[in-house]
Structure formats: structure tokens, C-alpha cells
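Everything on this sheet refers to the single structure shown next.
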Amino acid sequence: MDVLTRFNSGKLWDFKGGVHPPERKSQSNQKPIRHAKLVEHFYIPVVQHAGEAGNILVKVGDYVFKGQPLTQGDGLRVLPVHASTSGFIRAIAPYASAHPSGLATLCLHLEADGKDQWREQQPLDDFLTQTPEKLIEKLYQAGVAGLGGAVFPTAAKLHSAEKQVKLLIINGAECEPYITCDDRLMRDYADEIIEGTRILRYILRPEKVVIAVEDNKPEAVAALRQVLQGANDIEIRVIPTKYPSGAAKQLIQILTGMEVPSGQRSSSIGVLMQNVATAFAVKRAIMDDEPLIERVVTLTGDKVRHKGNYWVRLGTPIYQLLQQVDYHYDDRFPVFMGGPMMGFILPDLQAPVTKMTNCLLAPDHFEYAPPAPEQSCIRCSACSDACPVSLMPQQLYWFARSEDHEKSEEYALKDCIECGLCAYVCPSHIPLIQYFRQEKAKIWEIQQKAKQAEEAKQRFEARQARLAREEQERKARAQKAMEARRQEMKTAQGIDPVQAALERLKAKKTDNDSSAKVEIKTIVTEKGDILPDNSDIMAQRKARRLARQQQTQNTDVSQVETNEENKSTDSKSAVAAAIARAKAKKAAQQGSALEKDEISSSDTLSVGNDTEPVAEDPRKAAIAAAIARAKAKKAAQQGSAVEKDEISSSNTLSVGNDTEPVADDPRKVAIAAAIARAKAKKAAQQGSAVEQDEISSSDTLSIGNEAEPVADDPRKAAIAAAIARAKAKKAAQQRSAVEQDEISSSDTLSVGNETESVAEDPRKAAIAAAIARAKAKKAAQQRSAVEQDEISSSDTLSVGNETESVAEDPRKAAIAAAIARAKAKKAAKANNHDA
């Protein structure tokens, strides 16, 4: 049997459980509905329904008219809110909310200007001229929600049940004690309720429409029947008074005897229910173009002097509303929103009135007693017996306390209508309804998180699919463009570029295959292993390494020879300068008597086989002195520390074909040195004017005609150096005592039994002396340990039987000197090891 058959039978059914609490409705239903005074400040929450908040359309400082939308949603479940009066938006901020938690919610602070000026309205004379879809959209824009307590968006409810409804029920039962807003609304505005009911019938097109009213409201029933005047399109049925007969599922069961399946809506069995206050709001929204900005609120309780029902603008602070009815605040007695069974205590009286505010109850000590202390459950099953939904509240209580959400869902906690009967009958005074509400909130939060995660997953998958699709489209476009370019090239050149590239690749591969493969040499080890033969590579590496080592050795030898040549050149320059200074000093003394004897005696000295006289022209001596000074200055910068030793030893060397040793008499050496110094001093005084010319011409002079290198026998050079060092040392010790005597007697001394005059060419003698000094200096540094042996053996050796001039080739002399130095160093090292 379907729902219509059961309804048409005219029978009323009963539901399980239920109670008959004291009604106390007469306190507030005796007077018609009055209008509450407008307050100065309204706090309009952006969420006043079962859903989410819309987008705010205004900003601080904006002026708004009465009925102007303040928010706008993007779906039928996101209802807009409207300005309760005209004025200015002063703030958009959190404010106290009418909720058991007392949490703040976002509100629009509207300051009224007192004009209460409507926005432009467009009333509708006949709703039959509009389509149901347009009427649903208009209800949505008006912000109409269920005013029976659930505040579910009416437009969404109608849209979801369209063309599925067989029975439309207008709920006028109002079973909650103390609440009389629906009763007075049916009495005072029955015609508008009937008009709203007909609009709903036009939208839903049900087969039957019924207005259900409890039998404790005879005045309301009479008012409705009077408006209908015998019309049969809407039926009125009076039901027995029993709590909670006004609940949707219980009222359906009373009228049809059918229960709504668990977890489903009433539309699943072809039934839709709306509250009488909602029908009234539908009529105002469709016909009068008035959004939902006010509702009827019951103000009752012994703490309220002027009890009754009032039209209250949404957003009115509750405390200011209670003050209008002469409410006496007492912190011992709370104020309830809703009735004593399903209502809750307001944590803050500054909270505003919203769409769900149907009653404000302010009891005194006769009506309210503090809740008794909670005791342990005694498993009496009174709650189960009273539950109109046939649940097991005691089991749900344990699940809620242990937060066993799965068990709570398994025991159908979601079917609980929160009527409060279980707590009302509990002998242990357990606030079961509070536990169930908290458990529902936790489960809802978990489900929301899961829903958000699923939505995020779907968005991610959709994004991945979109990216993959875009990638495929991009590849397809690239392939298409490539094919187009290929076709263009083929058309222009007559050759397919892809085919040509493949042919080139094939030809290249053929060439590589036909080329000779590199033979890899291998060797076989004793164990029979085959390894690559790297002997050629190793030989090449060894050759490169030896070449680098040889290059390094050649560089070192050339560097040593260069250093030795530089030292030899510097020593020769210093020796030549010293001899020149001595001769210049002697030449400067030519004007005196001693000078003449020195000159005459100097003619008897012979240096070698030279034939050119040096002292015949004193200008030559001056030139030589200038050259000597230039060289001496340079030598002084490089070796000032050894200058004196070089000068003192310069006159002790044998220059020519001497038959006797030059230094048999050390006095002769000292005399020669003194003469050289005197001549150098005089030449320095006379030759300053011609110094530059002398220096410029110094490079053109010849060193001599030496016949053979001094170092034909390197041992002779070493012996000569040793003799020179010994004589120089001895002469240095005697110079200080006999210097004056040596100078005075210098004219009468003979240097040796020489066969030719020494003064014929003094430059040759200077060269020979410089060579000897350089050798002596080198040998002195290397052979200090064997100096005495060399001196003792020097007397038995002959220096030379030289028949040719030493200075014929100065380069040969330098080479001989370098060789002599190297051999002397080697001999010194050998002697040191022997010692």
C-alpha cells in the first residue's frame, strides 16, 4: 500500500514512545503578534542556515536599503542574507553567536538610520504566470529557509524533490512546550499561509496537500478552515497532542503509518514537509518581493513581564529584545533559545536573533531548577522506551563517551532527532542529548575531512588528466606541424627530407662497417690469460719521460755555465780597473823627478813579444784610466767587499816569459800597487773632461795578442792561483808597515829578469793579472783546507814557457778560466773527501 492510499484512508497512526510534558502555551498565545521596536545596531550573521556562507557584497561604510542582499552564494545550498533595515555598514567582524558553543561568528554590523527604507520591490500579482524554476530561484534569492528549526534552504529542498512528491504536508503541530509562534501565525495570518501553501503546491505538483495541526490549537484550525471556505485543494487534519508529534518523521508516521527509511529523506517515499512559518515566508517572498529579514519569536517565561509573540528583525541583539518586554536579568536563571525540550542555554545574551530563533524562554525559580548531578547509568531502559526513533540511547551514550565513532554510526546515531526525550526521562539525570550532539559534531568533522580529501584527490586526478591531455594535444600539434614542414620541403626540393636522412645514415653505417678494424695486440700470460699488449704505449711514455729529463739537465748545465761566465767577466772588469788605476796614478806623477825615473825604468820591463809601447803617450794612460774608472764603478756596485784584495794581489802575478818568480820579493808587489794607485789618482784629476769620450772609445780597444790559452794545463792554473793567494796574503800583512818605503823606492826595483820592457804594453800585463786574480779568488774559496800543501809545492813548478801573447784571443782566455775553475772545484771536493 502506497503513501496516498494510507493517507486517503483517513486513519491516524501512532509512533513509538513520546511523552506529554506540561505545555505552558497559554502564557504567550493570548495576544496577537506584535512588532518589536527597531534597535539602533544590528549584527547580521553571514551564515543563518544549514550550509556555508556566501560571498560578502558590501564593505565598511556602504549604505544599504532594507531588504538589500549583503551576501551572494554560488548554489542553492548557500543562502544570501539581507539588510534588516536601511543604514550603514559599520564593521565586518566576528561577533557572539546564538550557538551552544558560544563561539564568535562573522557578522555584518549594520547601524540603522531610522528611515527603514525598502529597496526597490517588484510584487507579483499572480504566481501562476511564473514557471516553477523561476519561483524556486526567487525563493533562493530571498533567502528563505525552513523556520521549523532545521533552517534547511527551502529552494534546495524543493528543487531536489521536484516531481517526486505525492503528498505535501504543512506542519502546524508545534508540539514543543512554551512555543506558540506557529499557533499565533496560523491565527493571525491564515490567509497568507494558505497562499504560500498553494505556491508550494504549484511548484511541487503533489496529488495531496494537508495542513496538520495538534488538537490543542482549535483557534488556529478554525482560522484556516475559514480561509479555505470549503476548498478541497488543501486538507486540514487535526492530530493528537503528543511530544514529539511535530517532528517530520513522526508526523509522517502519524498521517500515513509509514516510516522514513534510515538514512533517507522523506521524499524517498513521496512525501515532503514544510513548516507553516515557511509557507508564510514563501508567500511574502513570491508575492510581495520581501526577503526573509524577520520572523515571529515567542518571548515567554516568568522572568518576562510582557509575554507574547513578536515580529523581530534578524540581527537584533537578544538582550535588547528582552529589555523591550521588561525582562529582569538574573544570573541564577539562564535564557533558553528554543523550548525546554530541544532548546539550549544561551552563553551570551548579546547574540543576535537568527532564522532559527523561534522562542526565547526566560524562566524563574518556579520553572527552572539547576540540573541535578549526573549519575551512573543504571541500564533501566527508560530512554529506549521513550525514544520515538527506536534507538538505544544508553548504548550510544557509551559509544559517545569512548569516542567510538564507528559504533555510533553502526547504531544509527544520525537518525536521532534530538528531541530530548531520553534526557527528560533519565532517572540518573544524564544529559544524553548533549553527548549525542557532540558525537554528531565529531563524526561530521571527520566526514568533512574525508570529503575534502576526496575532493582534493579528484582535483589532482583531474589536473593530471588535463596535463596528459594537453601534452598529447601538444605532441599532436607538433607532429602535424612537422608533417606540414616535411611536405613543404618535399614539394619545394622534390626529395623527402626524412627519406634522405635515412639514406645518409644507412650510407654512413655502411662506410663504418667497410672500414678496417683496428687490430688489438694481445699477450698470453703464463696462466693462459689473454691480456692487451701495452708495450708500445709504455715505450712511448718512457721515451717522453727521458726526453723531459734530458731537457731539464741541459737547462741546468747551460744555467751554470752562464753564471760562471758572468762571474768571470765581472772579475776581469774589476782586475782591469784596478791595474788601470795603478797605472794612471803612476802616469800622473810623471812631472816630478821620481816620475821620470819610474818612466825610464819602466821601459826596461817586457810583458811578452809585444811591440807597441803603452806609456809613450800620456793621453793613452788617461784614456785607460777613464776606462778603468767606469769599469771600477760598476765593479764597486757588485763586489766592493773584494776590491781591496783584488788590487793588492794584482801586481804579484807573472805576466810574460819571466825566468824567475815575480813574487820572490813581496816588496816589489807592494811597490807596484802603490805606483798604480798614484797613477790612478792623478789620472782621475786630469781625465774628468774627456771621460765621456774615453768611455765611448773603450769598446774599440784590443785586449792583446795572447798566443795560447793560459789553461793549456789546468794544474798550472791552479798552482798559479795558489801562489798568487799566498803572496797576496803575505803582502797584505806587510803593506801597512812598508807602504811609504815601497813608494819611495819604487823607481829602483825591477820586477824580474825580463827580456822585454813591461811598459811596452801595460794593458797586456793588466789582462794577465786579472785572469790570475779571478783564478786565485775561486781557488781560495774552494781549497782553504789544502792551502799550505799547494804553497809548499808551488816553488818546484814552472808557470810556463809561453812564447806567444796571452791576449791574442780573449775568448779563449775566458774559456780556459772557466775550465780551470771547474777543475779546481772538482779537485777541492776530492781533497776534502780524502781529508
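The backbone N, Cα and C atoms fix where each Cβ goes, and this holds for glycine too.
A sphere of 10 angstroms centred on the C-beta of C380 ([4Fe-4S] cluster 1 binding site) encloses 13 other C-beta atoms. If you look up Swiss-Prot, you'll see C377, C380, C383, C426 marked as [4Fe-4S] cluster 1 binding site, on the strength of sequence analysis.
Other C-beta atoms found within 10 angstroms of the C-beta of C422 ([4Fe-4S] cluster 2 binding site) number 28, with every protein chain shown included. Per Swiss-Prot, the feature [4Fe-4S] cluster 2 binding site maps to C387, C416, C419, C422; the stated evidence is sequence analysis.
Each residue in the compositional bias 'Basic and acidic residues' (468-489) gets a DSSP state, and the totals come to 22 helix, 0 strand, 0 coil. The annotation compositional bias 'Basic and acidic residues' is assigned in Swiss-Prot to 468-489.
Annotation comment: Swiss-Prot describes 552-561 (among others) as compositional bias 'Polar residues'.
Sequence annotations record features per position, and here Swiss-Prot assigns compositional bias 'Polar residues' to 648-657 (among others).
The feature compositional bias 'Polar residues' is assigned by Swiss-Prot to 745-756 (among others).
Annotated compositional bias 'Polar residues' per Swiss-Prot: 793-804 (among others), in sequence order.
Per Swiss-Prot, the feature domain '4Fe-4S ferredoxin-type 1' maps to 368-397. Beyond the ends of the domain '4Fe-4S ferredoxin-type 1' (368-397), by six or more residues, the same chain brings 15-19, 244, 247, 249-250, 333-334, 408, 411-413, 415-417, 419, 421-432, 435-436, 439 to within a C-beta distance below 8 angstroms of the stretch.
The list of residues near the domain '4Fe-4S ferredoxin-type 2' (407-436) in space but at least 6 beyond its ends in sequence, with Cβ under 8 angstroms from a Cβ of it, reads 17-19, 21, 243-244, 247, 249-250, 262-263, 341-342, 371-378, 380, 382-383, 385-389, 391-393, 395-397, 399-401, 443. Feature annotation from Swiss-Prot assigns domain '4Fe-4S ferredoxin-type 2' to 407-436; the stated evidence is sequence analysis.
The feature region 'Disordered' is assigned by Swiss-Prot to 468-492 (among others).
Per Swiss-Prot, the feature region 'Disordered' maps to 540-574 (among others).
Annotated region 'Disordered' per Swiss-Prot: 586-618 (among others), in sequence order.
The region 'Disordered' annotation in Swiss-Prot covers 634-666 (among others).
Marked as region 'Disordered' by Swiss-Prot: 682-714 (among others).
Per Swiss-Prot, the feature region 'Disordered' maps to 730-762 (among others).
Among the features that Swiss-Prot reports, region 'Disordered' is placed at 778-811 (among others).
Beyond the ends of the compositional bias 'Basic and acidic residues' (468-489), by six or more residues, the same chain brings 495-498 to within a C-beta distance below 8 angstroms of the stretch. Here the binding-site residues are C377, C387, C416, C419, C426, and the one whose Cβ sees the fewest other Cβ atoms within 10 Å is C377. For the recorded [4Fe-4S] cluster 1 site, residues C377, C380, C383, C426 set the reference point as the centre of their Cβ atoms, and the other residues of that chain within 8 Å of it by Cβ are I378, R379, S381, A382, P393, Q394, C422, V425, P427, S428, I430, L432. C383 ([4Fe-4S] cluster 1 binding site) is surrounded by 26 other CB atoms, counting those within 10 A of its CB over all protein chains shown.
Taken through DSSP, the domain '4Fe-4S ferredoxin-type 1' (368-397) splits into 10 helix, 0 strand, 20 coil. If you compare Cα positions, C387 ([4Fe-4S] cluster 2 binding site) sits closest to C426 out of the binding-site residues C377, C380, C426. Secondary structure from DSSP puts C426 ([4Fe-4S] cluster 1 binding site) in coil. On a Cα basis, C380 ([4Fe-4S] cluster 1 binding site) lies 20 Å away from C416 ([4Fe-4S] cluster 2 binding site). According to DSSP, C416 ([4Fe-4S] cluster 2 binding site) sits in a coil region rather than a helix or strand.
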